[in-house]
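Chemist: Below are the structure tokens for one structure; questions will follow.
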Amino acid sequence: MSMLCYTLIIVFLIGIWAAPKSEDNVPLGSPATSDLSDTSCAQTHEGLKTSRNTDQRHPAPKKAEDQELGSAANIIVDPKLFQKRRFQSPRVLFSTQPPPLSRDEQSVEFLDNEDTLNRNIRAKRETHPVHNLGEYSVCDSISVWVANKTEAMDIKGKPVTVMVDVNLNNHVFKQYFFETKCRNPNPVPSGCRGIDSGHWNSYCTTTQTFVRALTMEGNQASWRFIRIDTACVCVISRKTENF
């Protein structure tokens with residue numbers, strides 16, 4: 001019986017010794033190692049291709065200047081900012097489309113009696129020449145909606161960043177400014193129209209006033225007074241007499 005046990009043990013040991021070695025213990029240069037190397041190279045190549053495709057789908061981060069310019073459109077504005085009437089200005093309009101001008105290039109302004117985002121408009125007092133009535137303006141002015149104002153001077157004389165696009169209730173509104181400026185500093189050769197050039201020097205100039213606009217302060221939107229062109233006036237001075 002003992003001889004049978006010894007025989008079985010010897011056969012078992014011989015079988016283990018004759019078994020093929022595992023791939024983990026295969027010497028360098030064996031077929032198993034070559035397959036693993038090929039697999040690793042293929043995986044590395046696929047990884048490089050994947051990384052290139054990822055870089056193409058996700059380009060490198062933009063420069064700081066580009067991120068700063070585009071950050072304003074991503075800032076969500078609290079609707080409560082528009083509920084205070086003292087922040088509303090008749091020359092500032094928030095709209096999803098360019099506001100129209102009335103016919104004959106008359107000046108128009110934004111009506112904000114009920115809602116800041118209301119796009120109703122009304123014609124203001126005529127500031128351009130009305131030749132058919134025999135009435136003329138001392139200075140010729142032009143009024144336009146300015147859509148892409150990014151910088152302005154605040155009430156303290158410091159430059160501020162103006163928000164071009166405003167994200168409000170998941171809708172992007174553009175901030176428009178109704179500006180008026182002189183068409184020509186000298187509508188007539190002598191200066192302002194209708195001024196006695198024999199006794200007065202005159203010229204037309206654009207004046208500015210302050211309006212409340214939505215500006216950027218860090219990463220937050222805030223109301224500030226900024227300067228915009230609002231009128232064209234005539235400046236006169238008495239001519240000095242030569243004695």
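Just so you know, glycine gets a Cβ as well, placed from its N, Cα and C.
Below are the features I grabbed from Swiss-Prot:
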- 47-66: compositional bias 'Basic and acidic residues' (COMPBIAS)
- C139-C204: disulfide bond (DISULFID)
- C182-C232: disulfide bond (DISULFID)
- C192-C234: disulfide bond (DISULFID)
- N148: N-linked glycosylation site (CARBOHYD)
- 47-69: region 'Disordered' (REGION)
Chemist: Which of C139, C182, C232 has the fewest nearby Cβ atoms, counting only those within 10 Å, among these disulfide-bonded residues?
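Modeler: Taking C139, C182, C232 as the disulfide-bonded residues, the minimal 10 Å Cβ count falls on C182.
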Chemist: Show me the subset of N148, C182, C192, C232, C234 whose Cα is within 10 Å of C204 (disulfide bond); these are the recorded positions I mean.
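Modeler: Checking each Cα against C204 (disulfide bond), the hits are C182, C192, C232, C234.
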Chemist: Any idea what DSSP makes of C204 (disulfide bond), helix, strand or coil?
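Modeler: Note: C204 (disulfide bond) is in a strand by DSSP.
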Chemist: What is the total of other Cβ atoms whose distance to the Cβ of C204 (disulfide bond) is within 10 Å?
Modeler: 23
Chemist: Please work out the number of neighbouring Cβ atoms within 10 Å of the Cβ of C192 (disulfide bond), leaving out its own Cβ.
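Modeler: Counting Cβ neighbours of C192 (disulfide bond) within 10 Å gives 23.
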Chemist: Starting from C139 (disulfide bond), work out which of the recorded positions listed here (N148, C182, C192, C232, C234) have their Cα within 10 Å, and give them in sequence order.
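Modeler: Cα filter at 10 Å returns C182, C192, C232, C234.
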Chemist: Output, ordered by sequence, the same-chain residues six or more apart from N148 (N-linked glycosylation site) with a CB under 8 Å from its CB, or 'none'.
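Modeler: Expected: V164.
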Chemist: What is the separation, in Å, between the Cα atoms of C232 (disulfide bond) and C192 (disulfide bond)?
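Modeler: Cα of C232 (disulfide bond) to Cα of C192 (disulfide bond) measures 11 Å after rounding.
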Chemist: How many other Cβ atoms sit within 10 Å of the Cβ of C234 (disulfide bond)?
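Modeler: Other Cβ atoms within 10 Å of C234 (disulfide bond): 19.
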